[in-house]
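Single-structure report; data block below.
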Amino acid sequence: MWISSRLFVIFLLLHLETTCSEPFEAHLRGPGFVMEPPGRVEFSNSSGGWLDCSASGSPQPTIDWVHADGSAVTEIHGVRRVLRNGTLVLMPFAAAAYHQDVHNTIYRCIASNSVGRIVSRDVQVRAVVAQAYKVDVEVLSASRGCTAILRCVVPTFVKELVRVVSWVHEPAIYIYPSLQGDGKFHLLPTGELLIHNLQESDESQSFRCRSMHRLTRQVVVSSPTRLRINSHRGIISPSVVEHTAHVQVSQDEGAVLLCVAQGCPSPEYSWYTHNGAGPLPVLSGPRVRLLGPILAIEAVTGEDSGVYKCTASNVGGEASAELRLTVATPIQVEISPNVLSVHMGGTAEFRCLVTSNGSPVGMQNILWYKDGRQLPSSGRVEDTLVVPRVSRENRGMYQCVVRRPEGDTFQATAELQLGDAPPVLLYSFIEQTLQPGPAVSLKCSAAGNPTPQISWTLDGFPLPSNGRFMIGQYITVHGDVISHVNISHVMVEDGGEYACIAENRAGRVQHAARLNIYGLPYIRLIPKVTAVSGETLNLKCPVAGYPIEEIHWERGGRELPDDIRQRVQPDGSLTISPVQKNSDSGVYTCWARNKQGHSARRSGEVTVIVPPKVSPFQTSILQLNMGDRASLTCSVVKGDLPLTINWRKDGRPIDPTQHMSVKQVDQYNSILVIENLGSDHTGNYSCVVRNSAAEVENSQALLVNVPPRWIVEPVDANVERNRHIMLHCQAQGVPTPSIVWKKATGSKSGEYEEVRERPFTKLLGNGSLLLQHVKEDREGFYLCQANNGIGTGIGKVIQLKVNSSPYFSSTSRSVMVKKGDTALLQCAVSGDKPINIVWMRSGKNTLNPSTNYKISVKQEATPDGVSAELQIRTVDATDSGPYFCRASNLYGNDQQLVQLQVQEPPQPPSVLEAAMISSRSVNLKWQPKTLGTGDVSKYLVEFREADPLFVEQWQQVEVKDPPTFNAMIENLKPATRYAFRVIAEGSAGRSAPSQELIVRTEPQRPAGPPLNLSARPLSSTELLISWVAPLPELRHGDIQGYNVGYKLANSGNTAYNFTSVSGDGDGGNGELLLSGLAKFQRYNVVVQAFNQVGPGPLSEPATSQTMEDVPSRSPEDVRCAALSSQSLQVSWQPPPIYHTNGLLQGYKLIFEPIIDDIQPSKDEVESRKTTALTMVLTGLRKYTNYSIQVLAHTRMGDGVLSKPLYCHSEEDVPEAPADIKVVVSSSQSLYISWLPPTEPNGVITKFSLYTRVVNGREELNNEKRSLPSQQAYYEAKGLHPHMEYQFWVTASTRVGEGKSSRVASQITTNRIPARIISFGGPVVRPWRSTVTLPCTAVGKPKRDWFKSDVVLRQGGVHNTQLLDTGDLIISSLELADGGNYSCQVDNGIGTDRLTHILMVQVPPSAPTLYVTSATSSSILMHWKCGFTGNAPITGYTLFYRRGNGNTDEMQLSRHASSHELKGLVCGSTYQIYLSAQNKVGPSPSSIMLHVRTQGQSPGQPSSTALLAPNSTSLLVRLHSWPDNGCPILYFVLQYKAMTDDPDAEWVMVSNALKPQRRLVVPNLLPSTLYHLRMEAHNVAGQSSAEFSFVTLTKDGDPPPPEIVQRGHRGTTVFYGNINLLIPSIAALSGMICTIVMVIICYRNMLKNARPLAEQSAHSQKESLENRANSEAAQRERYYATIHKVSMQNNDKIPETSEDISPYATFQLSEGAGNMSQPHHGGPANTLLHSFMYHERALAEGCSSPPPAASKNRRRHSRKTEPESEESESDQDQLTSSRTESSNQHEGKIKHNSRLIQHFPNHNISITYL
């Protein structure tokens, strides 16, 4: 029992080592779905359906299909079929063949390989049996003037599959669904037809509803229905008759909410949203459109979901309904990590990451699957799957399946792999201290992959080998290894450090602990230690006993360490690193001592040896043949002697009996020689070199090839018929021979064919051949060959004999012969000869050629028996029937039935049709049509591409065994016309082909990307993207457009922003202008083509960078600090990097002082440039507040100014007081007064008055007196009479004392003359305020006031008042109150006079505004400031509005003198005026200018550029219609055939056709002359034109000449619209009036010829310059930067009425003819300049032309062409459309009161208001 358990453990260990050590095969990869089937598939029984499923992996996964319960999906003939590529095909079926478990069930696709398997989402398959249905019309009538509603009633059983595609307004006007009707008819997206404004005439009209089945595409039309108008004419309150209660769409799709109400009058609709705290009205915006009963939301987001309420109201009341919008956001599922490698026993953790648009999505129902099976307890919400203690059963494929409440599922896959695990100690022993005597057990347990091995050491040496030590080791069922060391009677010498080491190929781990035994120190024997040179030697002293105080090492009487390479560790071990042979060899002594002084010593020898190194063999495998001679040389290139060289074979020493010899050449070389190689010499030979340091081994495999030889040789054999026999054949050799059986095709020496395994023939693994149910055909010669590639091989021929009675290879056979041919009835019988043959008819009548002339009989012997033949000549139907061939011999008899059928060739099949058409396959079905007895054995389906230019050969597909009446033709090209025909083939021949069926396969997504993608910058925000269509063979349909994606190249976002561009369908080149891009940024651009199926692959990205521009943001963090009284330091930070828009070239600092001057004599705004981020401003005003702004500039110009920063310079000492006066106030006093400094340079803190007494030239006394800063006078009293006093004054700030005033002297006297102590000068006051003019005097004088020498009397002026103090007060100041006011005093002793200059500040006068140029979207204007009102201008306000719209205003800088209005509407008139402001108030507005932007009504294209007729359609190239600078809004298009019927009606194609690249007008007749009438509308007006064209013939040939000539006689372009005729007549009349005005003006100008001669010449020169500039402007392009008109010396703004006539508008262009020429998609190449000059009054009737604008200042614009396709089918059109019922667009004649005068030279029009 013990032995068996040990064997089991050993077997388990070996098994674990072999299985766990298998390395992971890196080339293996688990399956992953490439194409996962959709969650829901619907199809009709007439078309069938299919489910595609494909996966990738290594090895390639296999695809299987299962039901929901996991059972396999089997193939059902004619019903269900699984193709080899994994596609599950559900064939078309009859209604009676419907099976619930096949056609309405759940399927799953499973992909599996050796790594694991994964399962797809549930696929709900639903087959719909096509049923006939009919639709009715329900009419909700209304009163006259109201709205009627027509409903299309669809039966309930098909309602969800049928939709209304259009309504027919009898007889042939089709009304299609739209979001907005044409005013009369409106077909809603849900199918209801609204008819507005009912009239009596509407009752005679009838309507039909057209519906289409979604799956079968069957169109069902209702019977005609007439309207009924209610007689009730009163008010009917609204009622909601239809609304979409719940709308569910996916994110980024369009949503349409419908709410239809009926009432009279027609109700008005209001929409509200209940997604917030309360109902909020829904407002129209870029994505939201309110279209009455329809709320359309484009590109919905999650925020749009919620409850909406629509309210319909009229005067009779209101009705409402609630609607819910649900937005399904797509989610993405990913498992992290998707590939996880975990060692056995580790923990695997997978996390299911569910995101939507890059954001995590929480609380999802997550299911986990392992290899296609659901894991238990996986219905939890947690997104983490933890696999603890990974074992082999856990590796494989894991799936995270997320199921949303809506029912759709998403999944991701991950793979779990296993890896090696290094050993881990599960259990280890601890340190122990014991007394001698007891038993001790030490245990270690380890786990790892592979299973580790455990070894033991004591102090680094092997355990002692005595009877007290026993080691045990075993492996548990879990793969853990457990090892024990048991000591039966522990002794002192057993103490030491025990270590267990667990090791496998993945790593090594060990554990060590001491076992302390109390006792005296004892050192065990130190074995001789061999150290390896260059490595580290760790020498442990094997000391026992406890406790030990210290351990020392000695060598040669010296205590160690004595070298830097030596170290004694704390545990007493000696470490030497690295070991050197010469220095470290010798005897080492270790001694140990305890605390009591007892010690022990022991010495051991250390030998340092250089390990050997063997030269490797030349090859790893040596392959020779048997009998050859072989030699292996082992050469030692390094190592110390003595060296031992041994040879081993397969790990064992060489045996002398093996016929091998070893030759020892010297101490370093050995040769193994084998004289004659035999089969037993194959093996692995190793040269093992060993010295006392190490043992090295070098191996080489020897393979001896041995030719085969027999083990069991085959022999001849006999067998009875229908019995079994085994033919034995066995051989051996190296390599193992392969056994091949062959059978002779003829004689023994003839050819032989290899016998292959088949029914009743088995090739066994040991080489034997088993023949079962042996028949005569098995008889013959058999050859057994053994070969292994060595030699020629061996073989043996044996004979097998079969004895039998007659027999036939088959019991019956059928012969089919065409009527009238000769029938050959043959039978071959086998058996032992002689054999007798008899022919019989119907089993009883023996056929005899002598009695029947039509037959003849032949018979001849064959190697196997006899062959007989019965010939029947000129067969007919009577010869059909059974014939018997009867054979007999000595052993028995047998017979064979030969059925003769006389047939005629079958008839060709009929009713060939396509049951299902897909992109790459067509399912055909037909009806058989056979006559007579001919039977169809198979059908031949022939097909080829229906290309009229190149006729291909027919390709064939056979349908047979048994013949069915349908065929699936696969591997076709998408969107390709194919011709199909079917041929029936029977035994009598082939039928004629059926009628050809022309089928066009469905399109597929394009398989190739657009080519030659390029991106070229046009401006700082525009890139021009161009590309070429994909290769024709990769388009897979008509290219309908392109998706152009772009993104920033340096952004981390991987998603592109896409915009769609419609294509022209003919595969031409495409381009798109991307605008609104970030400036100076690099973009990656991709393009993908899309057709009606979907988009194709993305192209390779193209990279381009937008151009540089001025910075769009100002510098940030602008700071300022005062350095001194005249310097400031300003610092800033650059603008944000995304707003620099280029490479910054520097910064501009703009600063100005904030002063309140009356009228600054100069503009003190200064600017300085720098490239640094700081600047010191010097030379500034002292103690002045400065406004500072900073801008950054690139090479394109200046950026945005920062907000003003105000900074004050520091204080300084003031300047001298402005003036000083000293007058005599009494005999002993003087009155001193002074003016403060004009530049105080700070806050005045005090005045210092200096006094000096002078007697002649001698200074008698001086003093200084400080006075408050508010005091500007002082009266010095108590002075000496008749003495000269001198006075001067200084002002002081906190910085110090300033300069002194002039010295004023005065002598005291008894006479007091009249003197004024006040000061005069300028006085500035705002209007409507009060001013006091002082006149303080001494000497009690008489005062008189004068204004400009006019005496002012008390009460003489209403707003003046004279005070007793002498002051003059003027209240309610007006501008007229300004002037010089003088005060004169006189007392008879003296006189004095003072003058005040009063300046009154008033609001400024209106500025003079000039418009200098205008483009299609901008107006450039200049202005001249008038009277400033005695105050600086603080700013301007610009007012403008379009037509009668709202007035907008714009604040402009006070430094500005020009501005350009941008973003205007082309071809529109704007009213513009300007006002100025100062600190008093705003000025009056300037005269209003009326300016028209450039742009005209659309032009007219040529018919050849516009029209391209075909046989039954007309291609209209709408993009060729010139828009003349204003984009076209819509087209009106109608046509009629030119027949002899004068009452032929116009057919309206559309009267609100949006701009697109092209339009196809279908349903035309071949070879017919048509008239086409078109109108183009833009904001500037409309143009109309008529064209005639002739359609091609039915075969595509040119029409007959007589029809073409008839069309040429007609008018090609006819402007028959009254909307254009009346303006033309008005323009002609205006031109005549203009000429008259010119003549009058010319006469007036002659009167002033001399003063205006020079100006007239100058005007003529400017006219020539304008023409040159106009030509030069076409050669220049400007972008992004608006260039102002520079005012040169000769290009000045006129200032007087003599310069230019007021109220005149000038428009300059390059010629009227250019505006009507066709152009390519952009605005006109001409630039329209408008000059407007205004004065207050019309001084003269005419004047000279205005000066020209700046040269070369024209801008060109480019716009993208609208390229979109209009729907040509019954599909929903979610765009605004109009039906054909609105036939005429009513033109409106606009009356203009302006008089237009044309100048032929310059195309200048002057408009007088």
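Cβ atoms here come from the backbone N, Cα and C positions, even for glycine.
Features reported for this protein in TrEMBL:
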- 31-120: domain 'Ig-like' (DOMAIN)
- 238-326: domain 'Ig-like' (DOMAIN)
- 330-417: domain 'Ig-like' (DOMAIN)
- 422-516: domain 'Ig-like' (DOMAIN)
- 521-607: domain 'Ig-like' (DOMAIN)
- 612-703: domain 'Ig-like' (DOMAIN)
- 806-903: domain 'Ig-like' (DOMAIN)
- 905-1004: domain 'Fibronectin type-III' (DOMAIN)
- 1009-1109: domain 'Fibronectin type-III' (DOMAIN)
- 1114-1212: domain 'Fibronectin type-III' (DOMAIN)
- 1216-1312: domain 'Fibronectin type-III' (DOMAIN)
- 1313-1395: domain 'Ig-like' (DOMAIN)
- 1740-1796: region 'Disordered' (REGION)
- 1-21: signal peptide (SIGNAL)
- 1620-1642: transmembrane segment (TRANSMEM)
The domain 'Ig-like' (521-607) - residue tally per DSSP class, helix then strand then coil: 4 helix, 45 strand, 38 coil
Stretch among 31-120, 612-703, 1216-1312 sharing the most Cβ pairs under 8 Å with the domain 'Ig-like' (330-417): 31-120
Mean of pLDDT values spanning the domain 'Ig-like' (521-607): 89
Per-state residue totals over the domain 'Ig-like' (612-703) - DSSP helix, strand, coil: 6 helix, 51 strand, 35 coil
DSSP residue counts for the domain 'Ig-like' (422-516), split into helix, strand and coil: 3 helix, 59 strand, 33 coil
Helix, strand and coil counts within the domain 'Fibronectin type-III' (1216-1312) (DSSP): 0 helix, 61 strand, 36 coil
